[in-house]
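In what follows, a single structure is set out as structure tokens and then discussed.
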Amino acid sequence: MKELFPRKQVMGFIFSLVLTVAALLVYFLDLSFALGMTVLLVTAFLQAGLQLVVFMHAGESEDKATIYTNVYYGLIIALVTIFGTLLAMIWGMV
Amino acid sequence: MKIDHSQPLEYGTEQNKMNILGFWIFLGAEIMLFGTLFASYFTLENRIGSGPSGADIFEITPIIIETFLLLTSSFTIGLAIHAMRLGRQKAMLTFFGITLVLGLAFLSVEIYEFFHYVHVGAGLQTSAFSAILLTTLGTHGAHVTFGLLWGLGIILQIKKRGLTVETTNKSFIFSLYWHFLDVVWIFIFSFIYLKGLM
């Protein structure tokens, strides 16, 4: 039975639960907007990185450079889209 | 067909490696797709017209339940792939089955949530906010729904053919898809719900 629950993945799961509870503190504690957003950004991106490395085995295969390049490319386009939109439509800086 | 036994079976042939890489490229495109939905959501979230705002309609309990269901299902599909690499077909199918049951439970809560939103007057046509909210959540929910059917198909195929070069490859690719949906949910959970309730 024990070999079916590898330590790395069990620890990964526990850590992801801890990150979720940490994110929930934003709701249960009365934080300022800036502090709350900081907490959410940190927990969400840590959580995403955790899934990628521990569960999706992103760094295991010989084409890992290609996989990471592709993920970073997708991520950069997504972030440019989101922050570009915020700049033009919400923050009114463009 | 040449099988490289120094690798896990799902990476065993050239075709398998290409399938996995191809799926990663698809996931890159999915990141951009959800990026555009989040960009639209952040633009429209305050355009509530005469309808309710996020803080008015979000309920924390179903959101927490959904998050834990999906996080746990992401863990169990990881365990399924681990069991698959050990050649433990029965354990693998058990973990795979648990994953889909958790996915179905997640979907049920989400459907309840949609009923709730429409019930409290936030339908698809109420305001720009309610439209982009339901579109973003619905796109994620549609992915989960598709994943349930896809996963069921893979389970049936493994039952029939066992763990082969093809079925392990499909299972691994499915696990990538499922973990990705969990990642998207984490961003929905953080930047739609918790930000809206803050």
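Cβ atoms are placed via backbone N, Cα and C, with glycine included.
Summarising the annotation, TrEMBL assigns domain 'Heme-copper oxidase subunit III family profile' to B:21-197. Marked as transmembrane segment by TrEMBL: B:21-43, B:63-81, B:93-112, B:132-156, B:176-194.
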Of the listed stretches B:21-43, B:93-112, B:132-156, the one with the highest count of C-beta pairs below 8 angstroms to the transmembrane segment (B:63-81) is B:93-112
Given the transmembrane segment (B:132-156), its same-chain partners at Cβ distance under 8 Å and 6+ residues beyond its ends are 33-34, 37-38, 40-41, 43-45, 54, 93, 96-97, 99-100, 103-104, 106-107, 110-111, 113-114, 117, 122-124, 167, 170-171, 174, 177-178, 181, 184-185, 188, 192
